[in-house]
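Enquirer: When I checked TrEMBL for this same protein, it listed these features:
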COMPBIAS  940-949  compositional bias 'Low complexity'
DOMAIN    76-333  domain 'Anoctamin dimerisation'
DOMAIN    336-911  domain 'Anoctamin transmembrane'
REGION    1-27  region 'Disordered'
REGION    929-949  region 'Disordered'
TRANSMEM  347-371  transmembrane segment
TRANSMEM  423-440  transmembrane segment
TRANSMEM  505-531  transmembrane segment
TRANSMEM  551-575  transmembrane segment
TRANSMEM  595-616  transmembrane segment
TRANSMEM  718-741  transmembrane segment
Amino acid sequence: MCEKLLGFNSTEEQPSGPRGQDSMWRNEKYETVPLDVKGIDEDNSKGTTDSLYPQAALRKAQQGNERPKDPKLWPYFQDGLRRIDYVLTYHVQKPQSTRKQSAKSCLCFKFRREQSSPPVHEDPELAAQEQRLDYHEDDQRLRREEFEENLREMGLEMEREEGNKIPGVGFLKIHAPWEVLCREAEFMKLKMPTFKKYKVSHGSSIVEKVNMFVQKVTATLQPKVGENRVENEKYLSYPFSREKQHLFDLSDRNSFFDSKTRSSIVYEILKRTKCTRAKYIMGISSLLGSGVYTEAYPLHDGDIDGINAEANDRKILCEEWASYSIFYKYQPIGLIRKYFGEKVGLYFAWLGVYTQMLIPAAIVGVIVFLYGCVTVEDNIPSMEVCDERNNITMCPICDRVCSYWKLVTACGTARASHLFDNAATVFFAIFMALWATMFMEHWKRRQMRLNYIWDLTSFEDAEGKQKSQPRAEYEFHVMKKSLKKEKPPKEENVKLTCRDRMPAYMTIIVMMVFLICVTLAIVFGVVLYRVSIMTALHMSSTPSFRTNIRATVKTTAAIINLIIIIIMDEVYGAIARWLTIMEVPKTDKSFEERLIFKTFILKFANAFTPIVYLAFFRGRIIGRPGKYIYVMGSYRMEECAHAGCLMELCIQLCITMLGKQLIQNNLFEIGVPKLKKMLRQRKIDKKHQEELDKTLHRHEKDHFLGPFVGLNPEYMEMIIQFGMVTLFVASFPLAPLFALLNNIIEIRLDAKKFVTELRRPIAVRAKDIGIWYTLLRGLSKVAVIVNAFVISFTSDFIPRLVYQYMYSPDGTLHGFVNHTLSYFNVSHFQPGTEPTESMHLGYKVEVCRYKDYRDPPWSDTPYEFSRQFWAILAARLAFVIVFQNVVMLMSDFVDWLIPDIPKDISIQIHNERNLIVELFMKQEQGKKYRNTIGDPSPQPLRSRPSSQA
C-alpha cells in the first residue's frame, strides 16, 4: 500500500513515469528499498539503505570483467561493482522523533502511536519549537530530493544509507557511469593518454650519461614506487573526445579514469547542479553552508593498515612517503600527483625543491658561524671589552635604581655578538640573495618539467574557463540586487560593481589599518614590559643577580612575543577570511587570491614587526644621558647592549623561528587533527568502538577523518619561514639550518596528515603555485634591501671599516671600543634621575661613558653629534645603495643566464605537437582506406564532381 502511494512499482511492473523525461526511467526495473525495511545488509541490521539505480545498470556492471569487491575495504556500492566517486552526508532525525510526509516524498515510515492513550498536556513553547524544527528538517529534505533528482538527470547514480552505524548521519553515495565520465571529460578537456608511445630524449649523450650516473648514485634515495622511475617512453596525450575514442586505449574502462579523475568529474557536476526550491538558486556550496548537506568529500582508495588491507596507492604512499624512517629519501611526486591531484603535487614538489636548496645555504651558514667561533679569540673589539685594564665606567641603564657599571661585565655579550657579526656576514648576505634567485630559477625549471610530465603544457587555468560559474555567494548578492530593481531589463547582465562593494572596501581598509595598529600596540606593550621589568629587577634583586637581568628580560620578552604571535596568527586568519567573504569575490580563484593577500599582510606584520623594531628602532630613539626620551611618564626607552642590538635580534629570531616551527607548525598539526578525531568519535559508544572499526565501510571511516581545508595554511607557514631565512639572515646565519631540519620533519608530517588524518581532497588541476610565487619573488627582492640595512645600521661592520681606514693610527681595530664611546659629566644628570648608589663601584664617578658619537662635555658644542657620526652615517647610506644595486644586478644576471624552460623539455613539447598531427593524419588515411575497401559506393560520389567540372 505504501509503495503504491509513493509511486514505487513491484519487480513485475514497469515504471509508470514518462518515458522521455529521464533516460534512467526507460523500460528498466528498479531496486527500491523502503526506509523501514530491516535486514538489508548483513552487517547493518539497524540501518537503512536506499538504492537509487536501475537494475539494468547493475546487470551491466555484473557483466564486466571486474569482480565484486568488499565494500568494507574498498569504496564500492553494496553490489561491490560500482565505485563510490563522491559522498554527501546529511543530518538524520532520531528514530524517536516523528516525521511529516510531503507529497513529494519518496520514503515510507512506520508510525507507532497508540491512539487510545490518554492525552498528554505539552508545553506550548516546546511544541512550537519542535514544530519549527520539523518544518526546517522537512524543508531540508525536500531540497535534498530536488537536488538529487537533478543529479539523476545529469546521469549520476546514487545509493542512500541512513543511520547504519553512525547515529544521526545519512550518506548519499554517488557513482558516475562510463557515459557520464566520457561526457564530462570531453567538456573539461582532460588530456588522456593515447595508445601512441614515443621515445623521450633526455638531451645530448653527455647529459644522458650524467643523468644515468646520478640515477645510479641516488638509487638508494629513490622511493620504491613505479611512478618515480625515469622512463624512456611516454604515452602521447590528447584531450578526450567521444568522437575520437579510437585514439585511446579503452581495453580496461574501469581503470581508464582513475579515482582522482572520477571524483573531480563528479565534483564539477555537483558545482553545476542547482536547487531552485529556495527563494534563490542554491548550489552545492550553499547547500553545505545552509546545513542541507553537512559534508562532501571523495573517498580514499582503501585501508593503510590491518591484515585485510590490500595493495593500493594510499597504502604505498603511507609506506614510501608518510614515514619518518625514510626522511632521507626523495618524495614520490608522480604518485602524489596521481592520488591527490596536480595542485597538491605541485605543493610537495615545491617544498621538496625548497628543502633541497636549503642544504647548501645551511652548510654555508654553519661555516660562517664556525668562522665566528674560530676568530672570536682574535677579535680585537671583544678583547678590548674583556680587558679589565681599560677600567671603563659606563653610565646607568635606568634612572635612580641602576648604578654605574664596568664595561668588562659585557664581555660575554661582546664575544657572543662576534659569532654573528663578523666579516663573513656580508659575504653570507650576498650569497643568500643569489641563493634566493637560484631557488626561484630552479623551481621554474622544475615546474616546467613537471608540466611536461603531467601533460599540462597546453593547460589553460580551470578558473579561466569557469568565469561563467561564479560562486554561490556572488550569485545570491547579484539576485538580491536584481530584485531591488523595479523593472530590470530582460537581457541586462546584472553584476556587482565597485559601487556595490564600496562599503566592504572601506571596512576592509579600516580593519586592515586597525589590525596593523594593534600589532604595533602589542610590540609597544612588550617594550614597556622589558623596561618595567628591567627597572623592577634592579630594584628588588641582589647585586650578584643584576649581571643576568638583561639576559633574563631578553629571553622572557622573546617568549612572550612568540606566544602573542601564535595566538594572533589564528585571530588574523579568521578576520582575513571574514573580510574576504564580505568582499564577495566572483570566482573561487579570486576569493583564494584575495584571502591569501590579506592573510599574508596580517601574518607577516604579526611575525616581523617585533623583529623590525629590534633591528632598526631599538636604541636609536633613546636620547642621551641627561636628556633621555621617556614613555608612560618615567620609563626610559630601552637601550641596546654595548655590542649592539644584533645579539638581541638573533635571540628573537631564534626563539620565534624555532617556536613557530615546533609549536605552531608541528605540534598543532599533530595534536589538533587527533583531538578533533577523538571528539568526533566520542559520539559513538566506546564499548562498540572496536567492533565498529572492524565493520565500518570506507565512506564511514573517512567520515571520522578531518576535513581538508586547503593548502593555504601549508604555503603560509613556509612563506613566513622563507622570510625568516632571507630577510634577516645577516643577523642569524643558522636560520637556513633550522629551516632545513624543520622541513625534513614537515614533509613527512604533512604526508602523514594527508594520507592518514585528512579526507581525500578534490583533485585540482594547476600548472603553477599561483600567487605564492609572486610573494616569494617579492620577498627575495625585499630581502636584499633589508639585509643591506641590517649590515649597515644594526651591525658594527660599517663603523669598524670607517675607524680602520679613517681614524685608526695603525690601520687596525685597536682603540675601536674607546672610539665608539662618548663622555658624560655626571653632574649634568637631571634632578631625580641620578643613581642612588653612586658609590656602587667603590669610588666616586665624575665622568661616565655611553655608546654614541657625540662631542664631549668640554667641547664648544657639548653632547652634539660629532663629525664621526656624520661620516659613519654617510658611509652607511652609501653601503646600502651600493650593496642593493650590486646584489640586484647580480641576481638579474643569474635570472637572465638560466632559461626558464629546460632545452630538452622545449624540444619534447615541439615533438609532441608534431606527433599529434602525424597521428591524426594516419588515422584519417586509415579511415579512407577502410572506406575504400569495405564500401565501394563512395566512388561514384568522388567521380561526380570531376564529371561536372
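Using N, Cα and C of the backbone, Cβ positions are placed for all residues, glycine too.
In terms of burial and nearby residues, how do these features look in this structure?
Expert: Looking just at the domain 'Anoctamin dimerisation' (76-333), the mean pLDDT is 77.
Residues 330-331, 333, 336, 419-420, 422, 424-425, 427-428, 431-432, 435, 438-439, 442-443, 446-447, 450, 711, 714-715, 718, 722, 725, 729, 733-737, 739-740, 743-744, 746-747, 750-751, 769, 772 of the same chain, all 6+ positions outside the transmembrane segment (347-371), place their C-beta atoms under 8 angstroms from a C-beta of that stretch.
Within the chain, the transmembrane segment (423-440) has long-range Cβ neighbours (under 8 A, six or more residues past its boundaries) at 353-354, 357, 360-361, 364-365, 367-368, 371-372, 725-726, 729-731, 733, 736, 773, 776-777, 779-780, 783-784, 787-788, 790-791, 795, 797, 883, 887-888, 890-891, 894-895, 898.
Sequence-distant contacts of the transmembrane segment (551-575) (same chain, six or more residues past either end, CB-CB distance under 8 Å): 511, 515, 519, 522, 526, 529-530, 533-534, 537, 599, 602-603, 606-607, 610, 648, 651-652, 655-656, 659-660, 663-664, 713.
Non-local neighbours of the transmembrane segment (595-616) in the same chain are 508, 512, 515-516, 519-520, 522-523, 526-527, 561, 565, 568-569, 572-573, 575-577, 579-580, 645, 648-649, 652-653, 656, 660, 712, 715-716, 719-720, 723-724, 727-728, 731, 771-772, 775, 789-790, 793-794; each lies 6+ residues outside the stretch with a CB under 8 Å from one of its CB atoms.
Taking Cβ pairs closer than 8 Å, the transmembrane segment (718-741) reaches residues 351, 354-355, 358-359, 361-362, 364-366, 368-369, 420-421, 425-426, 428-429, 432-433, 436, 600, 603-604, 607-608, 611, 615, 646, 649-650, 653-654, 656-658, 660-661, 772, 775-776, 779-780, 782-783, 786-787, 790-791, 794-795 in its own chain, all 6 or more past its ends.
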Enquirer: Cβ under 8 Å, sequence separation of at least 6 from the ends of the transmembrane segment (505-531): give me the contacting residues as numbers and ranges.
Expert: 398, 498, 553-554, 557, 560-561, 564, 568, 572, 575, 579, 582-583, 598, 601-602, 605-606, 609-610, 613, 631-632, 635-638
